[in-house]
Amino acid sequence: MGLKEKLHTFRVKNQDKKWFPVFSGFHTFLFTPNETTHNGTHIKGADDLKRTMNTVVMSLVPCLIFGMFNTGYQHYLALGEIEPVANGFFSAGFWTMDNFLLGLWKVLPLVIVSYGVGLAIEFLFCVIKKHEIEEGYLVTGMLVPLIVPVDLPLWMLAVAVAFGVVIGKEVFGGTGMNILNPALTIRAFLFFAYPTWMSGDKVWVHGAVDTAGTADAISGETVLGFLAQGRTAEMGYSLSDMFLGFIPGSIGETSTLLILLGGLFLVFSKIASWRIMLSAVIGALAMGLIFNGIVEAGWIPEYSKFYTLMSFEYWQHLLVGGLAFGIVFMATDPVTGSQTNQGKWIYGFLIGFLSVMIRVFNPGYPEGVFLAILLMNVFAPTIDHYVVRGNIKKRMKRLKTATIYPKPSDEVDALKTETA
Amino acid sequence: MSKDIRIKKGLNINLVGAAEQTTSKAVLSNVYALNLDDFHGITPKMLVKQGEEVKAGEPLFYNKNKEEMHFVSPVSGELVEIVRGARRRILTLKILADKNQEYVQNKVPDMDTADALAIKSFLLQCGGWPFIKQRPFDVIADPDVTPKAIFVSGYTTAPLAADVNYVLKDKEQELQMAITALGKLTPGKIHVTIGKSGRSPFSDLNGIELHEISGPHPAGLVGTQINRIDPVNKGEVVWTISPQDLVMLGELLLTGKFNAERTIALAGSIIKSPKYYTTKIGAEISTFLYASGVNEDRFRLINGDVLTGRKTNTEGYLGFYNNTVTAIPEGDDYEFFGWNKPVFNKISTTRALTFSWLQPKKKYDLNTNTNGEHRAFVVTGQYEEVFPLDIYPMQLLKACMVKDLDEMEQLGLYEVAPEDFALTEFICISKQPHQQIIREGLDLLQKELG
């Protein structure tokens with residue numbers, strides 16, 4: 001008897017057990033179920049939610065692996081043990097075993113905690129509510145380690161994940177029902193609960209926190225950090241560093257190149273909305289151009305604390321911070337984003353627009369993407385409401401010229417009222 | 001001249017086992033059956049008792065809410081069984097056919113002088129009425145209401161469905177008769193939509209507004225055509241009738257006899273030699289199924305096409321409205337890592353390691369596996385790609401699920417039938433039962449506001 005038959009017998013025997021959803025969750029990962037259609041369409045398309053989610057996870061893997069290398073690279077670079085790389089994306093000094101092993105050692109626990117805590121809560125809720133385990137957390141669990149600083153203590157992550165999954169998702173009814181992006185809810189929780197671990201110049205490079213205040217102190221300021229403090233001269237990162245990702249930052253969001261490739265894959269596979277991605281880029285560029293224009297018009301003095309960020313070349317906003325990552329992987333979440341095609345244009349544009357705006361006007365914590373997306377998550381249903389209203393209005397207008405013939409029974413009623 | 005309609009959104013599902021265009025005569029069936037599920041929303045009141053003899057065209061029962069509306073026997077013989085379900089609801093009526101078929105000879109109204117009332121009462125009396133359906137609600141038309149227009153789709157795009165042009169060949173006379181009669185029942189137009197290619201028997205008929213449509217499925221669905229030509233507003237009523245049923249009406253009006261004969265397509269990858277058969281409404285499917293041969297012992301037999309048909313089995317009977325019978329493989333088997341390995345043998349609208357986009361013309365052998373489990377709505381924007389109606393499909397489905405009558409009305413539920421949501425159901429990643437959701441929504445709306 002093969003594995004398939006054994007699992008089938010086991011499945012049939014234990015269908016009424018409390019833990020059945022958990023078994024079923026693992027079983028359906030190994031084998032697509034033997035379910036058949038009843039009435040309705042007798043055939044079904046090839047895609048299911050597992051495949052969809054898996055596609056997103058696959059597009060994130062390059063960012064994760066790059067993040068591991070970059071963790072080691074930034075650490076050894078800050079310690080002065082290695083030289084900055086300058087030979088493009090495949091520089092030998094970056095792709096070393098040392099860099100990778102350190103990154104693996106630091107990043108893997110974050111991934112394990114993220115998936116472990118999140119999935120445990122999901123399983124628990126599925127058992128309580130007796131429904132199938134849905135795949136939403138597969139993507140969330142992968143996103144979370146990529147958008148936090150590398151030195152974040154694991155217990156903080158665990159607390160944040162628990163909060164994000166329960167409050168951000170399960171209380172609304174689980175996958176497909178949530179209003180806020182769960183991964184960003186987790187990040188927002190971390191940011192407001194433990195701000196010192198989520199911002200500043202110490203958390204972005206492994207080792208900076210431990211060595212702070214000692215003679216060996218290393219700094220790990222992000223590009224945005226430099227800009228917000230007007231210290232552009234000290235920065236020393238080239239445009240290609242920013243594009244390829246050889247800069248400090250959250251684990252998975254530094255390499256704009258890999259994010260771009262992941263985004264193209266998602267658009268090609270028709271899993272993520274190109275409308276949201278494109279309009280968000282346009283929105284970010286528009287806001288950047290406006291700020292550049294303000295600076296050029298001379299409306300803002302050079303000593304203003306907004307000056308450096310405002311004068312930052314408009315298109316370079318897309319290369320630094322988490323903007324690109326947010327646009328490609330977070331804004332396109334179909335559950336929390338706008339659901340109509342027209343709405344997606346508005347929703348995406350405002351995300352890009354607001355991200356750059358928050359970034360510039362909030363120098364204390366110069367990253368606005370997650371706040372912009374969370375804000376737009378809240379407004380997405382409103383945008384959809386007005387888009388759908390447009391369709392309804394068209395229908396109402398048509399109604400004015402409707403040809404409705406009276407029923408014979410209506411005529412009898414009319415006669416009665418006339419004679420009365 | 002005809003008006004052109006182009007449909008861009010949609011999806012052609014090309015399947016193995018299309019019926020070859022040759023027609024055989026099916027073996028005579030011993031027993032014929034009417035399945036009451038075919039007449040949605042009709043409460044039957046029997047006119048004939050079990051064991052009594054009926055002629056072909058003799059009323060078996062009438063509609064409880066509309067006593068003039070008769071449902072007649074497709075053949076002459078003895079009503080041998082009334083199959084009842086829970087609470088004695090009638091499910092199926094079985095008639096043991098006579099060797100010599102006797103027909104009821106109805107008195108045909110003179111087409112030159114007859115008015116709407118005369119034609120209506122003739123059709124109601126002689127069993128032709130149930131062929132006429134109405135929107136809103138996708139039910140048998142209410143004879144008391146005058147429709148603003150009548151729609152006929154003379155174009156087939158559903159997978160493996162019987163080709164309209166083929167089955168209607170040489171039926172111009174019957175079609176013209178039926179069109180003339182129906183024309184008296186509406187002050188509006190009779191819109192007939194045909195495909196661009198092939199010779200349609202509708203091309204030369206009088207009294208119709210002819211449209212030519214092109215594009216992928218669901219271009220051939222009458223709902224798509226209504227939406228493009230003259231959408232249904234709240235309070236309005238349109239009638240729809242399938243071309244083959246039009247032929248039956250025509251013959252009934254020409255001869256006064258209810259002739260239940262029709263040409264049907266037997267198709268699907270299970271069938272050894274898929275082709276057309278002439279048979280009668282309610283005939284045993286086995287009378288033609290085994291004449292063509294089957295490749296496997298276990299399979300899914302469908303009364304209708306693979307998207308909208310009703311599940312049946314080898315002891316089943318041809319449905320009242322069906323002109324296609326499809327047999328496809330059952331898919332009740334597990335597939336190792338089916339959710340992440342590349343897929344070449346199934347149809348998908350995405351490219352998430354699914355490769356049907358590489359060969360849009362390839363014919364697939366799909367089975368009944370759901371390819372995944374039921375989930376909440378997650379992905380957005382995919383239904384819109386295959387849904388050409390000016391309606392927000394997901395929003396309408398959700399309105400039906402939460403039973404929000406205002407939203408259902410405003411989002412256009414009056415315009416649709418369950419079959420319009422067959423394609424979105426096919427591609428649905430969350431495997432939601434769209435057609436069932438729409439059907440329940442329509443029933444609720446009819447009960448509350450109809």
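Glycine is treated like the rest: Cβ placed from N, Cα and C.
Check TrEMBL against the ranges A:52-69, A:178-195 and you find transmembrane segment recorded for A:52-69. Counting C-beta pairs under 8 angstroms (sequence separation of 6 or more), the transmembrane segment (A:52-69) fails to reach the transmembrane segment (A:274-294), with fewer than 3 such pairs. Here A:Thr222 (FMN phosphoryl threonine) comes close to A:Asp201, A:Trp204, A:Ile247, A:Pro248, A:Gly249, A:Val320, A:Gly321: these same-chain residues lie at least six apart in sequence, with C-beta atoms under 8 angstroms from its C-beta. In the three-state DSSP classification, A:Thr222 (FMN phosphoryl threonine) falls within coil. Contact between the transmembrane segment (A:243-267) and the transmembrane segment (A:368-388) does not hold: fewer than three of their C-beta pairs are under 8 Å, each pair 6 or more apart in sequence.
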